[in-house]
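See structure below.
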Amino acid sequence: MGEDLKHLKILKQGAEARLYVCNYLGRPTLIKERFTKKYRHPDLDTVITKDRIKNEARSIVRCKTANIRTPTLYLVDFDRRRIYMEYLENSKTVKDFIKNLSNVENSCIIEQIKILAKLIGESIRKLHENNIIHGDLTTSNMLLVPKNENEEINWLEVDKLDLVMIDFGLSFIDSSTEDKAVDLYVLERAVESTDVPHLEVFHDILEAYQNFSENNTKELINKYREVSARGRKRTMVG
Amino acid sequence: MVIAIGFEGSANKLGIGIVKDEEILANCRRTYITPPGEGFMPRETAKHHSENIHELLQEALDQSGITPQEIDVVCYTKGPGMGAPLMVCAIVARTCAKLWKKPIYGVNHCVGHIEMGRLITKAKNPTVLYVSGGNTQIIAYSRKKYKIFGETIDIAVGNCLDRFARVLKLSNDPSPGYNIEQAAKKGKKYLNLPYCVKGMDVSFSGILSYMEDKIDELLKEYTPEDLCYSLQETIFAMLVEITERAMAHCGSDEVLIVGGVGCNERLQEMMGVMCSERGAKIFATDERFCIDNGVMIAYAGALAFKAGSRMSFEASTITQRYRTDDVWVTWRDD
């Protein structure tokens, strides 16, 4: 941990980074500090960390120009391995949101999850239309925030929420259908491994992804099927 | 009490093991070793297995000190693996079952590795890294299934190592991976290689083709030892990273490493560092149990048999593609 952050509260300690909350130029700010992983070669560690900071910053900026919501980038500090960005205080990960929903006895849950799936599918398509490959699409890397900050938050109404994509450390810019297909496949696996009450979530996401744009849709979906078949039916060789 | 015999021959190792509940009575193995620069092909591997299996069976029975009449169930590897070598073991297992008038049971090779690892290390509910010549998977148990959380999206880690050993013409005796590990110990100069992690999945084909394409150029600046070292450091860092992701995802604090690549001490060391940093525990086994063997098939088969699972003689076929998450885990209740 950087000496200068000692007085700050650790919001979360992840596998690769520690998150701190602070006030930067009068705004609530999240500091994401990627710490050294001792198991890997120091050269490799430096390269990976720099790459990921760069990827994250680059994709956030690109998302801004493409009108995709992400936390706003404030500052990048390579030497201290940190990124400073907008702190979204009122937020919930999609994972927690779904977990929360499944605890509620309500018939409209399925409806809400359908709306959410559509929102996710469209956002991912928007990323891909702009050649942004996220690289780590999971339900923990998507946040829901209220559209209108002043209204009282109702966490059960997806209509009143915005989707914010986060954690672009593994992201990169590429126009190939292969990378987009792998992105979708990674998400499918992540959705499959989370407990989701409405089992067709990924199907709905994929449908929204397809319907959002006509650009290259057929190739993308064919490629996605090819990638997932490769994963599931890989033969065993020597 | 269940006494089970297990036949394993999904790749170039032929193994026969006998277990009595949790006690190992016999663990015998023959390995088909190819000349440097060559991999093993299905037909030749099957020939090796069929030439050795009778002698090995006798050896296993002698070592165990039991008679065929005492055996409760004959187990064999149903898949995944190479068709022809799998078939050799399945045929001998079926013949034994008929001769001895015993029930037969086909075991998933990957599940065999997991259960063997749990037996030897006493890990309770670990996140499993299964790394071998044919497989690379991150597995965790959930509701009667061994679910795959992450895996390679192209070639297996062991396949990447084996094929790189062929590029360098390293010996295949005792195994290409072992010789890479020994060479890597003498490597000093680190070469930056492509690092490819996608969520909880990994990809190794890019690294391998990078090395294959540039080998002549690279050897001007780096020794073969440096390249082995750099390759290991890179691909193992990828494996440790996705294991940590899976642990974070599942909230798990145990890791079990199984499969042939699992006996690599550098991989175990790196995993150990990661675990100690997050207060988790690492479990690994040595080459007797990491590398394909008959005991794991006998033991996993015995577990299923004890839990009431049965297989009809007609169903005792083989399949080259058999996913870990296709098995209904009848013997675990947690």
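Placement of Cβ uses the backbone N, Cα and C atoms for every residue, glycine included.
According to TrEMBL, the divalent metal cation binding site annotation covers B:HIS109, B:HIS113, B:TYR130, B:ASP292. Under the heading substrate binding site, TrEMBL lists B:TYR130, B:VAL131, B:SER132, B:GLY133, B:GLY134, B:ASP162, B:GLY177, B:GLU181, B:ASN264. The domain 'Gcp-like' feature in TrEMBL is assigned to B:29-299.
Taken residue by residue with DSSP, B:ASN264 (substrate binding site) is part of neither helix nor strand, so it is coil. Distance between Cα atoms for B:TYR130 (divalent metal cation binding site) and B:ASN264 (substrate binding site): 12 Å, as a whole number. In the three-state DSSP assignment, the secondary structure recorded for B:TYR130 (divalent metal cation binding site) is strand.
Nearest by CA distance to B:GLY177 (substrate binding site), out of the binding-site residues B:HIS109, B:HIS113, B:ASP292, is B:ASP292. Annotated pair B:HIS109 (divalent metal cation binding site) and B:SER132 (substrate binding site), C-alpha to C-alpha distance, rounded: 11 Å. Applying an under-8 Å Cβ distance to chain A, the binding-site residues B:GLY134, B:GLY177, B:ASN264, B:ASP292 reduce to B:GLY134. Counted within 10 Å of its Cβ, the other Cβ atoms near B:GLY177 (substrate binding site) come to 27, all protein chains included.
Of all the binding-site residues listed (B:HIS109, B:HIS113), B:HIS109 has the fewest other CB atoms within 10 A of its CB. In the three-state DSSP scheme, B:GLY177 (substrate binding site) falls into the helix class.
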